[in-house]
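S.K.: Straight out of Swiss-Prot:
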MOD_RES   2  phosphoserine
MOD_RES   4  citrulline
MOD_RES   6  N6-(2-hydroxyisobutyryl)lysine
MOD_RES   6  N6-acetyllysine
MOD_RES   10  N6-(2-hydroxyisobutyryl)lysine
MOD_RES   76  N6-(2-hydroxyisobutyryl)lysine
MOD_RES   96  N6-glutaryllysine
MOD_RES   105  N5-methylglutamine
MOD_RES   119  N6-glutaryllysine
MOD_RES   120  N6-glutaryllysine
MOD_RES   126  N6-glutaryllysine
MOD_RES   126  N6-crotonyllysine
């Protein structure tokens, strides 16, 4: 024997969250805990909370991007509920998904019925044909 003592075993690796491993911002561990506590099923697979967190993160990012565009169109730098309402109702798929959802302080979409708009005059058109 060389008489030299071992320098110790492997150091414990720094803990990595499941959100970090999946490359997500949404908390996979919290989603898993909520699925278990909600009694949705007797058993919850390991991939289920990852998938659900990814779906929630995608939908949130999509809505926030459209709401940010609506805020920028209104020359604002802060997203308010009105911008969320405009973003969701102007997007066909999001409107279908969130059709029965009421957004507090969201207002309504501006919409004027075609019959209420002023009639186009024919006098301008007739003068050009002569």
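Cβ atoms here come from the backbone N, Cα and C positions, even for glycine.
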S.K.: Check the Cα-Cα distances from residue 96 (N6-glutaryllysine) to the modified residues 10, 76, 105, 120 and tell me which is shortest.
M.R.: 105
S.K.: Counting across all protein chains shown, how many other Cβ atoms sit within 10 Å of the Cβ of the residue listed as 'N5-methylglutamine'?
M.R.: 9
S.K.: What three-state secondary structure does DSSP assign to residue 119 (N6-glutaryllysine)?
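M.R.: The three-state answer is coil.
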S.K.: Do me a favour and check the Cα-Cα span between residue 120 (N6-glutaryllysine) and residue 76 (N6-(2-hydroxyisobutyryl)lysine); whole Å is fine.
M.R.: 35
S.K.: Would you identify which of the modified residues 10, 76, 119, 120 has the most other C-beta atoms lying within 10 angstroms of its C-beta?
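M.R.: Of 10, 76, 119, 120, the one with the most crowded Cβ is 76.
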S.K.: If I take the Cα of residue 105 (N5-methylglutamine) as reference, which of the modified residues 10, 76, 119 has the closest Cα?
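M.R.: Ranked by Cα distance from residue 105 (N5-methylglutamine), first place goes to 76.
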S.K.: Going by DSSP, is the residue listed as 'N5-methylglutamine' sitting in a helix, a strand, or coil?
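M.R.: The residue in question, the residue listed as 'N5-methylglutamine', is coil (DSSP, three-state).
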